[in-house]
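Asks: Okay, here's the structure, questions in a sec.
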Amino acid sequence: MVSRENARPPNNDSPRHWREALFTRARMYVRWPVTVPEFNFLQMGRLLIWMHFSLLIVLLASVQKTTACSCAQAHPQTKFCESDFVVVVRVKKVLPVNDYEIAYKVKINRVFKSNPNADMALMQNLLRTPSTDSMCGVTLNVGDTYVLNGRIVSGKALISNCGLSIRWAETTTRQRKGLRQLYQQGCVCDILYTHWRRKGAVLESSGGKNCLWESTPGPQDCQERYGVCMASFSGCSWVPSVPYKNCIKEYQRKREQQRSREP
């Protein structure tokens with residue numbers, strides 16, 4: 001076996017010769033690491049920093065998407081039927097609760113729907129909601145009057161941006177009639193939000209027993225503002241009314257005009 005002294009490269013003034021001899025002898029010793037030129041470490045470091053930075057951007061984008069509020073499309077009648085309470089209130093004050101929640105101090109003008117637990121919670125005249133839009137919080141203006149729905153959780157009345165949140169002055173007469181009586185009568189029916197291109201397939205698969213709420217450019221706005229889904233012997237269907245028929249006629253007229261302009 002060659003000793004370390006014998007393995008030492010001969011004295012030579014050439015730096016290149018010294019390095020070549022040193023690496024040649026180093027291969028004879030397992031415990032000697034084979035070094036990598038310094039510029040490789042620098043390039044590798046820059047690459048790792050860039051990879052970590054890119055990964056951080058992707059993760060932040062993913063977090064932003066997952067934390068954004070996302071609500072399934074639901075007709076006002078469906079929101080009415082699935083809620084613990086539906087009320088008309090005037091907003092008096094906004095109260096901070098904590099970092100994640102605020103409460104609206106309200107005056108309750110009318111109750112369209114409630115239950116014993118909701119009656120107790122509404123006596124506080126406080127409606128709680130998340131403090132940010134990304135958590136589906138509701139933004140209400142002090143002094144304005146709204147129709148709102150919500151759920152009772154741990155004795156507290158909670159409202160969400162996914163529920164009813166309409167200025168009372170902007171509700172239609174048909175919606176008000178629905179809130180007073182017709183929505184409740186139609187709670188046995190299902191209203192299916194449907195892409196307008198899939199109307200025929202969905203209607204066939206449901207056996208014609210559900211009301212289809214067609215997306216734009218279908219009559220989505222007409223069905224939302226004037227539609228009431230009621231049960232009959234043949235299934236569930238939109239109840240005809242003068243405002244609903246007029247809206248559908250206007251919708252059909254605009255659709256025909258649009259099609260006539262298409263190539």
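Glycine residues also receive a Cβ, built from the backbone N, Cα and C atoms like all the rest.
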Asks: Which candidate, Cys81, Cys136, Cys162, does TrEMBL give as the disulfide partner of Cys69?
Replies: Cys136
Asks: Between Cys222, Cys229, work out which one TrEMBL annotates as bonded to Cys211 by a disulfide.
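Replies: Checking TrEMBL, the candidate bonded to Cys211 through a disulfide is Cys229.
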Asks: Report the same-chain neighbours of Cys189 (disulfide bond): residues 6+ apart in sequence with Cβ closer than 8 Å to its Cβ, ordered by sequence.
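Replies: Counting only residues 6 or more apart in sequence, the Cβ neighbours of Cys189 (disulfide bond) under 8 Å are Asn210, Cys211, Cys229, Met230, Ala231, Cys236.
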Asks: Using CB atoms and a 10 A radius, I'd like the single residue among the disulfide-bonded residues Cys69, Cys71, Cys162, Cys211, Cys229 with the highest neighbour count.
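Replies: Per the Cβ count within 10 Å, the most buried is Cys229.
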Asks: Three-state secondary structure of Cys189 (disulfide bond) from DSSP?
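Replies: Coil, per DSSP.
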Asks: Sort out the sequence-distant neighbours of Cys81 (disulfide bond) for me: same chain, 6+ apart, CB within less than 8 Å of its CB, listed by position.
Replies: Tyr183, Gln184, Gly186, Cys187
Asks: May I ask which residues of the same chain, at least 6 positions away in sequence, place their Cβ under 8 angstroms from the Cβ of Cys136 (disulfide bond)?
Replies: Cys69, Cys71, Pro130, Ser160, Asn161, Cys162
Asks: For the disulfide-bonded residues Cys187, Cys236, work out the Cβ neighbour count at 10 Å and name the residue with the minimum.
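Replies: Comparing Cβ neighbours within 10 Å for the disulfide-bonded residues Cys187, Cys236, Cys187 has the fewest.
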